[in-house]
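What follows is a single structure, written as structure tokens, with notes after it.
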């Protein structure tokens, strides 16, 4: 089985050093910087049709802008109600200053 890595963004397109808007939206996924590392999740909340790229990132937690549920962006784990389902995460690597995502 071959690996399916896609070029998601330039590394410098994922904002650094701010408490909000750490995320970068690319179609159906969302990129985040946490402590210098890049993480990727689906861009749609598992609870409702809210875009995670419109949420608020604090540390490792992204808060859904619709119902304030929070996910750990590093693991995808749903951390509080009303969330009952984890969010999908994607493996990330940096190649030639490009953020690459491994899709299933």
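Glycine is no exception: its Cβ is also placed from the backbone N, Cα and C atoms.
The DSSP secondary structure for residue 67 ([2Fe-2S] cluster binding site) is coil. The [2Fe-2S] cluster binding site annotation in Swiss-Prot covers 45, 47, 64, 67 and is backed by similarity to another entry.
Summarising the annotation, Swiss-Prot assigns domain 'Rieske' to 5-101 and lists sequence analysis as the type of evidence.
According to Swiss-Prot, the region 'Disordered' annotation covers 1-21.
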Counting by DSSP secondary structure, give me helix, strand and coil numbers for the domain 'Rieske' (5-101).
6 helix, 43 strand, 48 coil
Residues near residue 47 ([2Fe-2S] cluster binding site) in space but at least six apart in sequence (CB under 8 A):
64, 66, 67, 69, 82, 83, 84, 85
